[in-house]
Structures are given as structure tokens and as C-alpha cells.
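**Q** Below is one structure. I have some questions about it.
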């Protein structure tokens, strides 16, 4: 039995200039507990953990281990004290084996400096067997699924004798099934005596696995909750006001189908078919949600529709007009509103003002421009109206868009795209990194657009969001359509589909990835028009 | 992830408060890419993917400027001013170090330090006073006209620097590092000069044609780079450097052909341009200052308008700041690349015209002197804003004009001006150094997570 330790953060304050990221935070992680830090993006959870992991020096306050104050000068000190951290972005070298990755930073050597990985391999097998990780020490990391890579990160921490494991948003990259597996692993680690600090904003997981929940809002601990608290209660604590998590949208009244995709295929520069023979339609007044784990062709699908992809075949028609082969400008002109998945890279010019960003794809149309002469007055006028309408929190319309919070940046993109008459609205990850309060608002705007009779396509990797918004759900796996199912399909079924297994085949336990497209053609109970 | 949290010493040309923010976000990618798994949900904040690794995203795009370069080119004007000041101080020390009186007094420094300091001060100030007298106002001049002659000379030299500098600055705002002003000036000079001496047209029309020919020459030479970049993805830095050589050797070849060589002359020099083909001198014949300077003012205003008030400039700036977002918003990045290079070339072309139709009145292989390269420095010092470039052009013009007078009066070598110019570039490229010297560096114990909300604020719009 490993020695367990009790971790205490007392009065931790972290100040960056005038910004108070952590304000006298007290957290006690009892040994052998799963302690959840719940809070919105930017609430200060990650700052707190970076303080704990030695990446930041606290402005005030103490870290106590078993009652003794310690100070960490860097992650090395924290590791030595038994604290391990699994970052949201894995710190693995893709072309190294598992053993090499685990040894990295503390490589055991034989005489004359030769690497000795045998000991590392042995430890990996030991840990892997103990917790049922099923990790081969000699596998190349880049060949492993994301869920397994995450386990390698956990092994890395355990090999260094971590007694407290910090997991920073660990489920963000996982399929629902992988998430469940991770939650199991967490329970086992706990049983083995490891304490876990679990950072998340996903209420369902938090409730499922936590022993104690500490809620952080704007850098302060606003309270703790039992895992038995309702999701609504937890959400209200996070946001600081009552939130309704249920959208209560009216049922869709689909009209004629104006958007049709037929045999859409996108070939990546490396020859891979990243979108592979997709066919679907969206009716006016209907929301089709495309579900799937990230990297299964969603990005390429939207880019192909918009005209941003080069090697595309098939057909995409809007109101009977072909969109493929046209310039982005033409596609936008045809009435497509597009919210890209990564607003910072594709949706906004960070150094441009909010006002300029609000006309980023309208700058050359009247009334914002006459000929090539732009009208700053009209642009400002538009900005003021949009800022009001979408409640964008910005110091002014002239503030650089990059200085706004994620939620407000998203509102800028959404406001811009919804500010013109649309024939099709595509929103990719519409609420990623957006605070709970804004999510509600943005969701309502999307539904409002649907209710105006616009076909809406939502691409989301968050199953909750998909289930919330969708009138129908299409699931993508490896660029192929696993199937289209009605709203209300259970989380379990969707989870299986996201792993490439069609529900009908599940009975036969087909391995992931086997003939998903062929399957969908013969699936029953699946909407296929 | 230590990479992201380590205090940064990367040069960042930002207002003190914002510089941290930028560093925080721009040093991240290396670490993030190492961890190249699937791209990840941003929830959690700390590891928010930065906007920078756009290159790592799908789809290739021309024109994403190197971020470091970008920061150097578009940093705050304050750093520019301080850099100039600092360079002048160090230049002064260098001048003093060659002064014999300073050397003598240094010998008995401990006996009478005041002598040494006085000598030091005298040596530096004498040179700079001479520099000022040679570039702005010479009180010993015979009459007001002669007293202001240095200023006129400064403006004359500044003219090609300003227009070529504008070309570099404009291209940079669109994310392109245009080192090709030199070649663009040469090609413009060739065309303008040929129209000037080979055609014989009426007054007015002739000069207009010379100007148009020059601008078109520069625009073609620049635009060709744009086309190659947009079509083949070749890097504009390499293209423009090569195009500089091609232009120079083509010029040398032409000057040895009958079409360009002055009759009865074996030197590589063209005939003198027709009187109808040269810029009129604005303040009379005693000064070299010509119409080109007025045109340079006009060009500066035009570039300002183009960048800040026109849809074309909006596209340039969007492509320069975030090509992916520009493309997603329907902006044709290739077209912008070609267009901005053509306009940049046209502006540099105006410098070529100013040379052949303004100051030189003939075509030689030294027509561009080093104006094309100095233009890069000018744009850099001017932070790629039109009026900043204008001011920087005037400053460098003054250095050039004053250096001669400085050498005559004090014996200080002209080269010291080049040293000062180089120091200016050096300091601009290292803003933290400048801020450290002036004690302006924000305290940086740990870089800010606060950054999250204040990231990114290069000069977006106004000149």
C-alpha cells in the first residue's frame, strides 16, 4: 500500500498585474479522494492547479502536504513531492514508444550513459496490470488511440510515484465510451490510494465520479457541493445565477429540403479520404447535428461546403444551386452563414477591432462600402447594434477582438453571421470554450434561426450539445456517415456510433471501424432521406 | 508545458502591458505541437490553443507572416523613438572615442575627470550639431536660402526613401516581407529613363508618361513576385532577393547596348533625359528638391487611405493579420497577394522615377543606390504605418544629408551614420532591451495568465 498524503491549499492568491486569478482559495484534498474542481472557463481552476504543480508561484498562500508547508520552484519539485499532472494537451513525443515517453526526463542509464529502459518497461507492465490499463510499453505513441495516450500520461505520473494526480479537463478529447473507461480508471486509482484532483466543467462526469466538489467562480471558492446535488444546482453555483440547462425548444416544423449533399468526398493532401461519400439533406426549419469525435472529417466537411477544400467531389446544392467549385465569397453570397470551429484561427482577426470583425465578410457590401471606399460610420453603427443585440461584453466597438473572452468572441462571430439573411446556417462547435451563461444564449439564437425557416447544420463533439439542439443527428466516423438517427436517441447508442459501431451491429460486437458506411445503408430505424 | 509559462525574452514590439500577453500566447505552439494529438477542446482555459499555429491547420496559405518579424514591424512607435535616441547616444560615444582630445584627457581621468567628461560631451555634440546643420538649418549660410539648403537636400534624399519605404510597409501589412524594393526601383528606373530620353514628347505629357512607365515597371516587377508566390507558394523573400539581382544585371546589360548607352560614350551611362521628362524643381533651381517629394506626400496619404478606408486595404490587413480567417470570410488571398505586391512595386517604382527624373536625370547602374534596402529599415522604423514611414524616411534623409557636412566640419567619418542606422534597427528588433535601458520593462516574475484576456493587439488599423 502506497503512502497516501493529504494535500491542502490554504489562502492561495495569484495575481497577474491587476487581474486576480485566484483569490484566497482554500481547498483540502483528503487522501484517497476524488476531489472535483468545478468552474467555468477562466474561473481560475487551471491557474490554481498550475500553482500546485509548481508552474506558478502563488502571490500569497501556502501549499501544505500532510500539514507541512512546501514551496515548489518548478514541476520537478512538485513531482518529487508526489504530485502528478495530466495536461489537457498531452505532453508526449509521438514518434517515441510508450516506454521512451515514460522514461523521458528521468532516463535510467547503464554504464557509459546507455539507456536502460528495461526497468521502465517493467514498471509500465506492473502499473498497467494493476489497473487494467492494457498498455504495451513498446507501442509507438502516435499509433495509440487518444484514450490510451491519456493512460500513458497517467502512467508517467504514477511511475514517478505520484500520490496526488491532477487531471485537467481529461475528458475533453474522449468519446463517451472512453470517458466511461477513464472514470473507471479514476475509481481504481482511488481504491489504490491515489488522490485525484479532477478539473472539469462537465456536470454529468463530475457527479458520477467525485467524492467532493469545490465550485470556483471568478477566482474564488463559492462553495462546495455533494455529488448528489442536481445538475441545475451545480450549474447555478458555477454561473452565479439560475440557469436553465434545458433549452425547451419547440419541436421542429421541417419544410422543404433546400440543402442537399450527395456523395461528398474530400481527399486530403496525403491521399486519405477524410470525407468519404457523405449524403444527407437538411430541411428548412430543421437542425441537423453532426456528432462525432474530433478529427473524423467534421472540419473538412464544413470546409468543403464553404469552398475551402481543394480536392472535393460529389455535389452540394443549396436552393437547387451547386455550391461546389465556387469561391468562398460566392458561397457566402448564396446565403450561407458559417461559424468556424476555431474562432481564433478562422473566425476572427484578433488584431482587428470588434467593429471590423463584425463586418469581416460584409466589408465590401453596401452600406459598409461604396465601391472600394468603406464607411467607418456605418461599420460603427452596425457594431453598436450587434453588440447590443448579442450582449457582447467589450470595452468598446474599437477594442481588438482578440482581447475579448472566448464567449464574447464567439458572440461576435455569431452576431456577424446571423446579421444577414441566410439560406443555410452552419455552426461548428458553436459553444466551445464558451461560458455556461453564454451557451444558453447562443443556443437560443441558433434555435431562433431555425424557427425563421433556415436549415441549420451544427457540428459538435459535445454530445450534450448535440442532444440539446438536434432535430436529427448524423454521426461521422472516419469520414463516413455511420447513420442518421432521430433526436432523442440514447447517449449509449450515439456513443457506440461515434466509435464507428452501428447500433444494429453492436449485438454482434463488431470491432470498431468495420464497414460503417455499408452498415448505414442497411440500417433499420435510421432516417435515410 | 513549461515552454508556455517560462518568462519570455522574445523580442516583442508591444506596449508594455500587452507584451506579456502576446508572449504567452505565441510561445505556446511549439509545446502544443509536440503534443500533437488530435486538436483538443479548449475548455479549461490554461492551454487554450493559440491563434498562431495556423500553419499547422489544414490547408496551405500564402502570406502568414512570421510572428517575430510581424512584432518587430508593427510594434509600438514609442520603441522606435527610444531606439533612435539610444542609437544616437551610442553613436555619440563612438564619435567621442575617436576624438584625440578625449583620448588625451582620458590619460589623466583620475586626476581631473571633468576634463574628460567635457571633452566627451564636446566631441559628441560637435558632431551632432554639424549633422543637424548639414541636414536642417545652417546658421552660417549666406542668406535664408542658403541657410535652408540643407533641409531641401534632406527632403530630396528622403523622397525615394519614403516611397520605397511605403512599398515595403504596405506589403508587410499584408503579411509579405518585400525585400525587392531595390529591384523594383531599378526596373522602374529603366522604363522611366528610356521613356525620358528615347521619346520626345510635349511638356507635361512626357513627364506624365515617364511617371506612369516607372510605376508600371515597378508594379510589374513586384506583381510578378506576387503571382509566383500565389501560384506556386514560393517564398517572397527568396523571390524578391533573386529579382533584385536579375534587375541589377539586366540594367548593367542594357547600359552596354546601343539603345541605352549614351552616344560616343564607352561608360555604362544613358543619355540625359529630355528637359520635358524631368521633375520641376519646386523651390527654384538652387535646390535639387523636385516634384517627386510632393508626389511622395501624396503617395503617403494614398497608402493611408488605402489601408484604413478602402475595402482593398481591409483585405490586405485581414490577410496580413490572419490569412485563414480572411479566407474563411471570402477574401481571395491569392488576389490580395498579387495586388499588394503590384502596388508595393508601383510605390518603389516612384522612387525609381524620383531618381532618374528628379535627382540624377540619367540612368546608371547606381540608379537605386541602396535606397531599396534602406527602405526596409525605414518601414521598420516607421512601424509599417504610412505616416510613420514618412517620418522615418525624413529622418534617414537627414542622416544622409547631414553626414557629409559632419565629415567636413568635424572630421567624423560618414560611416558613423551607418552605424547609427544599424543601431536603430538593432534596438527596434530588441524592444525588451530598449525598455530595459529606460526601465520600462514591466515586472515579470511569471508571465501572465491574465494575458488570456488581453492578448493580441498589434496595431490593427489607423496609421
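Including glycine, each Cβ sits where the backbone N, Cα and C put it.
According to TrEMBL, the record shows the following:
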- B:1-33: region 'Disordered' (REGION)
- B:72-95: transmembrane segment (TRANSMEM)
- B:116-137: transmembrane segment (TRANSMEM)
- B:157-176: transmembrane segment (TRANSMEM)
- B:183-201: transmembrane segment (TRANSMEM)
- B:207-228: transmembrane segment (TRANSMEM)
- B:237-255: transmembrane segment (TRANSMEM)
- B:289-307: transmembrane segment (TRANSMEM)
- B:338-357: transmembrane segment (TRANSMEM)
- B:416-438: transmembrane segment (TRANSMEM)
**Q** Can you work out which residues elsewhere in the same chain, 6+ from the ends of the transmembrane segment (B:183-201), have a Cβ less than 8 Å from its Cβ atoms?
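**A** The answer is 160, 164, 167, 209-211, 213-218, 220-222, 240, 243-248, 250-251, 254, 259-260, 270-274, 276-278, 344-345, 348-353, 355-357, 362-363, 367-368, 371-372.
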**Q** By Cβ distance under 8 Å, which residues at least 6 away from the ends of the transmembrane segment (B:237-255) in the same chain are close to it?
**A** 177-180, 182-184, 186-187, 189-190, 221, 224-225, 228-229, 261, 268-270, 363-365, 367, 372
**Q** So which of B:207-228, B:338-357, B:416-438 is most in touch with the transmembrane segment (B:289-307), counting Cβ pairs under 8 Å?
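**A** By the under-8 Å Cβ criterion, the transmembrane segment (B:289-307) pairs most with B:338-357.
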**Q** Report the listed stretch (B:72-95, B:338-357, B:416-438) having the maximum count of Cβ pairs within less than 8 Å of the transmembrane segment (B:207-228).
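**A** If we count Cβ pairs closer than 8 Å to the transmembrane segment (B:207-228), B:338-357 scores highest.
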**Q** For the transmembrane segment (B:72-95), which stretch among B:116-137, B:338-357, B:416-438 has the most Cβ pairs under 8 A?
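**A** So the stretch in question is B:416-438.
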